[in-house]
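Notes for the one structure printed next.
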Amino acid sequence: MIKKNNLLTKKKPIANKSNKYAIRKFTVGTASIVIGAALLFGLGHNEAKAEENTVQDVKDSNMDDELSDSNDQSSNEEKNDVINNSQSINTDDDNQIKKEETNSNDAIENRSKDITQSTTNVDENEATFLQKTPQDNTQLKEEVVKEPSSVESSNSSMDTAQQPSHTTINSEASIQTSDNEENSRVSDFANSKIIESNTESNKEENTIEQPNKVREDSITSQPSSYKNIDEKISNQDELLNLPINEYENKVRPLSTTSAQPSSKRVTVNQLAAEQGSNVNHLIKVTDQSITEGYDDSDGIIKAHDAENLIYDVTFEVDDKVKSGDTMTVNIDKNTVPSDLTDSFAIPKIKDNSGEIIATGTYDNTNKQITYTFTDYVDKYENIKAHLKLTSYIDKSKVPNNNTKLDVEYKTALSSVNKTITVEYQKPNENRTANLQSMFTNIDTKNHTVEQTIYINPLRYSAKETNVNISGNGDEGSTIIDDSTIIKVYKVGDNQNLPDSNRIYDYSEYEDVTNDDYAQLGNNNDVNINFGNIDSPYIIKVISKYDPNKDDYTTIQQTVTMQTTINEYTGEFRTASYDNTIAFSTSSGQGQGDLPPEKTYKIGDYVWEDVDKDGIQNTNDNEKPLSNVLVTLTYPDGTSKSVRTDEEGKYQFDGLKNGLTYKITFETPEGYTPTLKHSGTNPALDSEGNSVWVTINGQDDMTIDSGFYQTPKYSLGNYVWYDTNKDGIQGDDEKGISGVKVTLKDENGNIISTTTTDENGKYQFDNLNSGNYIVHFDKPSGMTQTTTDSGDDDEQDADGEEVHVTITDHDDFSIDNGYYDDDSDSDSDSDSDSDDSDSDSDSDSDSDSDSDSDSDSDSDSDSDSDSDSDSDSDSDSDSGLDNSSDKNTKDKLPDTGANEDHDSKGTLLGALFAGLGALLLGKRRKNRKNKN
């Protein structure tokens, strides 16, 4: 017998291959609301981060692909030839299988009538072709010895020494969940777990009479403890009604994720409304990823090793979602929730306290889950959810090895993709002995399992081929008797076997089922003697199991192929497969439900603190505040929110001892948080906007918060006509009406606009403390007066745009003044000289009216406010031109006055007028600079 390494090493040919399924019973894990629900169709594996994920948003909320259910197959119409213990069954010539030891090929021919695809349902009218006979020593003569801790196989021949022994032990880590630790994993929605394992072994023998041999099996220890069992399971039949998914006996711990119970076990505490709308547009996906079931993240999904795909998605539920509304989640079209059965149920989404947020149903055609929200969404706000979805390769869609897929998962309108390659294992071979097998279905209603076996898939010339199917395993058993259904199909020369080891249409192959070469053994087994073959064959075995057996914990069935290598010496080789479905429950199973874990509450009161002292009930006018949003944040970062009732009360239930939670109070509009931690009584003080609370074995109903109404303030005040242009309001100066005044925030955004009244007054009310900008629009035809004149801020002008800060008080000091643009008289003085050009507008109090021509080298540009009417025009290019200019003037009439005296008077008046204009011009220039 050849000893080979376990599947994990893959350094040498595999001695034993096994498919194992296991059911684990433990509680539905809770998710926070932020919910986390682990959506686990099948067995969960260790989590690994996605290697290459591409997230994209799509608008279509429905899957376009229509996929058929690969498991809806029936074999109720199949007919089997029968051989009973007490009688033989006549068959036609077409269904005879004649065995000739000297012929290299069997004449195995049979035409199957009305073949349909099989399931594990057993027709009560269907009989088997098995006949119980004494064990023939010339057939398979290996005796299996059970060893709990190791497995061995040996290879011996007349000229070959025995190979060294190898031992393979696979163990599963215990699954325990501490309720006191902060668990970022949102949920362990786990009610059961099913593991499938394949074990293959090769044996070489050189003698007909053999000593006992030990078949190499993979030994797997099962988890011994799970917490929080939520229902009593009285027998294995109930366990089998839980979902079933492939697994195998690789050496690695089991994840705490699992499959879900069957739909008949699903109950809803709060049923959603019957009517609702699809609200995918109100679901915001914040994170999603696809990871491989094993930790290698190599992009290869080992489908025969039950490696799965894990879809994680975190999303937020809009507060507009109501009870009865629905959202959708799509798994990839090339995957299935379970590879063994349709008896799975979608887990309910719950928060950490156990309240149900949504319930789900699955549409296999569209590969779509529809979640219906309960009235939970009507009670709570800011709901966040997390789903963990586990699925397996749909072998009906992916029959070939090394198939590359671009898988896509989608929640609501957001999808994520990942590229993977599907890998199937190769047959177990030992010289000409070569085979592979898998459990392909389990029927928990009729208590049957279906095993699909490939015999000689490599098309070797196999001499004296004998196949033994045994229900006696090291870890479990099936029932091989006259109720066992066995069908045999021959694969034609031009036909290929699917690499997936799954047959969905047996009618494509030649049915060669015959009773002559199949005989029941004495040890819960059956032998099928094929003789000499060189074609592949398919064996479909449907056998029963006993779910009520006291020590029944697993289903295991073994198939062994033996071929003769040397007809003269009797040397032969064997290759074996073990297929296992293991059932185990947590400790305490059968003793009733574990008592529920004690949980605690946090509350309690939000009030209006009229006297702003931070202590409740110190003022008769203090009252509760309703509709205040209060948020509880769990240790894992998830959260949920409620609003205070009409009495100002709030409460969060279902909180665990020893954990620390954060309570946050939203400040109501128009209110300000009061003082924190005032006084000596923590039950009457205020915690402020947020506080961390640790549960220490009791409820904490002292988490209160007080608020007082935020005072409102006003801003103004006056725009006046500054007749004296001094920038200070005078008693006789009047207000200007109709001036536009704009109030802005500190960023320049307009808050409000008003106009001054008939008295020049304006006012903005209901303002909070803060920074503001006041802008005055200058009236048409008026000029801004001097700003910030004098020492009284309430009497001066503040200018066109004023920055104002309000701090707990009104501000009625924001004023502005204007005067008319045309209040100045005209006085023009133009002077041209060699050195200067001067324009002078002067108003003086002089009553003179004179014209004079003068020479001037002054540089001046002046305006005066004198009231005289005096025009002085002087054009001078040089001193030589003065006499010439004077001569061109018309003479004045003779008034009888002294000519010299008049000339001197005129000259003196002109000098005074020029001096006055110069002084007044300088004054105006200074005022302009000041303005």
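Using N, Cα and C of the backbone, Cβ positions are placed for all residues, glycine too.
When Swiss-Prot records Glu292, Ser297, Ile300 as binding Ca(2+), the matching candidate from Glu307, Glu316 it lists for that site is Glu307. Among the ranges 577-588, 661-672, 733-744, the one that Swiss-Prot lists as region 'Interaction with human fibrinogen' is 577-588. Each residue of the compositional bias 'Basic and acidic residues' (800-812) gets a DSSP state, and the totals for helix, strand and coil are 0 helix, 7 strand, 6 coil. Confidence in the motif 'LPXTG sorting signal' (892-896), given as mean pLDDT, stands at 46.
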